[in-house]
């Protein structure tokens with residue numbers, strides 16, 4: 001946590017003061033802290049939202065859903081859902097100076113369950129997202145060799161069906177109906193040692209467990225001192241992946257066949273716009289890549305100074321995120337185009353999404369390049385960094401929420417560090433089940449259900465309804481104006497009121513209608529209890545919102561209408577817009593704490 005305290009100058013402006021010792025409140029709790037500067041906040045948010053989905057999900061969705069035509073539904077969701085909810089969550093954190101749970105308690109107690117729902121998603125996300133880092137670290141360490149281990153069929157884990165690819169004739173070196181490539185055998189038989197189903201978990205993969213332990217150790221020390229350590233680490237973790245991406249992009253576009261790959265990536269097929277699945281993919285991609293409905297943006301925004309221009313930051317970060325996804329598509333599909341030409345097969349046979357791209361398609365392409373170990377190291381180091389800052393910001397979000405809920409317990413010397421250690425240890429131990437021989441099936445359950453687009457859409461519906469219709473869109477706009485000095489684009493307010501809840505509700509209902517049970521590798525079908533477990537993971541977050549509302553209504557005393565009124569009223573200690581305007585002479589904050597009778601029924 002930052003050790004700054006706020007001082008007030010003669011003209012009323014807030015000015016940071018840097019004491020030598022860590023400042024404490026009157027009750028002995030440590031101060032909450034702020035970012036040292038705007039750049040730390042911007043890089044932290046950039047590190048959170050720019051992650052693996054930008055590299056391995058967006059390019060594939062663009063290719064799959066009509067190439068350049070996919071940008072039409074993508075931009076619709078960007079402006080109607082992505083940017084409005086992104087601003088809503090960031091501004092909410094900055095305005096309340098609270099984490100992902102207590103921020104909602106402050107503005108509308110009856111919807112505090114929104115915070116619990118988002119943190120439940122984050123808890124599950126913290127367990128399984130870092131598994132990808134364990135795999136990437138394993139591949140990274142395996143790349144420090146002259147000959148990449150997935151480049152040939154002469155290893156102990158290879159089977160008699162393994163066949164190396166012959167570039168000269170565009171076919172496998174041999175013929176067999178059961179032929180497999182060395183890349184797939186390395187992934188399934190060396191890395192995963194995958195079993196035949198979720199019912200057979202098998203033994204723990206100790207090498208992957210050590211990689212997971214290393215990932216958690218790195219994650220812990222990135223955030224163990226709060227924003228003081230996080231703000232420094234992101235200077236590297238949020239910027240270095242761009243250097244790696246540029247290097248891979250330059251290498252990719254200079255390869256033969258790159259133009260063919262880029263054409264498949266961008267060539268517009270407008271007829272795909274009539275397929276509702278294309279629109280659903282665009283919507284879920286926005287929610288995944290913008291990290292909304294997770295409480296992370298609220299937590300990061302809560303460490304901003306009150307008058308930080310969060311509106312400008314949000315617009316810039318949203319376009320940076322989308323731009324990164326677009327550019328990453330060139331880097332990925334130029335390589336896939338090269339691989340398609342080398343193998344003499346259609347690009348549809350080499351294009352993959354998710355882990356299939358990172359651990360099968362791209363490693364296969366790297367083998368065909370000169371100095372292949374170098375390019376493998378660059379790629380997997382980029383994957384590690386992309387996942388690392390997304391991971392530790394999610395952990396920071398959970399810790400911030402817990403500390404703000406129980407400040408007298410955790411805002412003491414060294415207790416925050418112990419809390420982070422506890423979260424890391426528990427998440428590490430739970431995550432070990434995904435590193436067993438059947439762990440991949442468990443990982444897929446978490447990925448498909450726990451942090452699915454369905455869960456995020458459900459939370460987004462209530463977020464927009466709560467702020468726009470219960471707290472009041474105009475009131476929240478007044479709060480933002482008080483913070484930044486002017487009112488944001490009016491369309492955003494109407495998105496909160498109408499477009500965002502309508503679009504999210506329609507997409508949520510469509511995802512329910514189009515639901516299909518989970519399969520692995522398009523071959524393995526989960527048993528009924530596997531899908532039931534997945535639905536429990538999904539409902540564990542969604543049920544928090546109605547359950548908390550019913551709990552608070554049931555425990556509060558008084559007439560029903562009075563209980564509703566109390567639970568819909570914001571906290572009295574929230575700062576309100578200065579009636580004289582943001583440029584008016586300084587007014588004591590205490591005179592603005594209470595809402596006027598004209599502004600609220602509370």
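A Cβ is built for glycine as well, from the same backbone N, Cα and C atoms used for every other residue.
Here is what Swiss-Prot records for this protein:
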type     : residues : note
TOPO_DOM : 1-40     : topological domain 'Cytoplasmic'
REGION   : 1-22     : region 'Disordered'
COMPBIAS : 1-13     : compositional bias 'Polar residues'
TRANSMEM : 41-61    : transmembrane segment
TRANSMEM : 68-88    : transmembrane segment
TRANSMEM : 121-141  : transmembrane segment
TOPO_DOM : 142-206  : topological domain 'Extracellular'
DISULFID : 153-162  : disulfide bond
CARBOHYD : 173      : N-linked glycosylation site
TRANSMEM : 207-227  : transmembrane segment
TRANSMEM : 233-253  : transmembrane segment
CARBOHYD : 269      : N-linked glycosylation site
TRANSMEM : 282-302  : transmembrane segment
TRANSMEM : 319-339  : transmembrane segment
TRANSMEM : 366-386  : transmembrane segment
TRANSMEM : 418-438  : transmembrane segment
TRANSMEM : 453-473  : transmembrane segment
TRANSMEM : 490-510  : transmembrane segment
TRANSMEM : 528-548  : transmembrane segment
TOPO_DOM : 549-602  : topological domain 'Cytoplasmic'
MOD_RES  : 587      : phosphothreonine
MOD_RES  : 591      : phosphoserine
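Swiss-Prot feature annotations superimposed on the structure.
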residue: 153; record: disulfide bond; DSSP (3 states): coil
residue: 162; record: disulfide bond; DSSP (3 states): strand
residue: 269; record: N-linked glycosylation site; DSSP (3 states): coil
Sequence gap of 6 or more, C-beta under 8 Å: which same-chain residues meet both conditions with respect to residue 153 (disulfide bond)? 162, 163, 164, 182, 185
Can you see whether the transmembrane segment (121-141) and the transmembrane segment (319-339) are touching - at least 3 CB pairs under 8 angstroms, only pairs 6 or more apart in sequence? no
Give me the long-range Cβ neighbours of residue 269 (N-linked glycosylation site): same chain, 6+ apart, Cβ under 8 Å, in sequence order. 66, 67, 69
Cβ under 8 Å to the transmembrane segment (528-548), counting only same-chain residues 6 or more beyond its ends: which ones? 111-114, 116-118, 120-121, 124, 198, 441, 445-446, 448-450, 452, 454-455, 458-459, 462, 517-518
Okay, the transmembrane segment (319-339) and the transmembrane segment (233-253): do they have at least three CB pairs under 8 Å, pairs separated by 6 or more? yes
Sort out for me which stretch, of 207-227, 366-386, 418-438, 453-473, has the most Cβ pairs below 8 angstroms to the transmembrane segment (282-302). 453-473
With Cβ-Cβ distances below 8 Å as the criterion, list the same-chain residues six or more beyond the ends of the transmembrane segment (453-473) that contact it, or say none. 81, 84-85, 88-89, 92, 104, 107-108, 110-111, 114, 117-118, 121, 280, 283-284, 287-288, 292-294, 493, 495-497, 500-501, 504-505, 507-508, 511-512, 538, 541-542, 545, 568, 570, 600
Using Cβ distances below 8 Å and needing 3 or more such pairs, separated by at least 6 in sequence, tell me whether the transmembrane segment (490-510) contacts the transmembrane segment (68-88). yes
Counting only residues 6 or more past its boundaries, what in the same chain has a CB within less than 8 Å of a CB in the transmembrane segment (366-386)? 50-52, 54-55, 132-133, 136-137, 139-140, 143-148, 150-151, 167, 183, 237, 240-241, 244-245, 247-248, 251, 255, 338-339, 342, 358
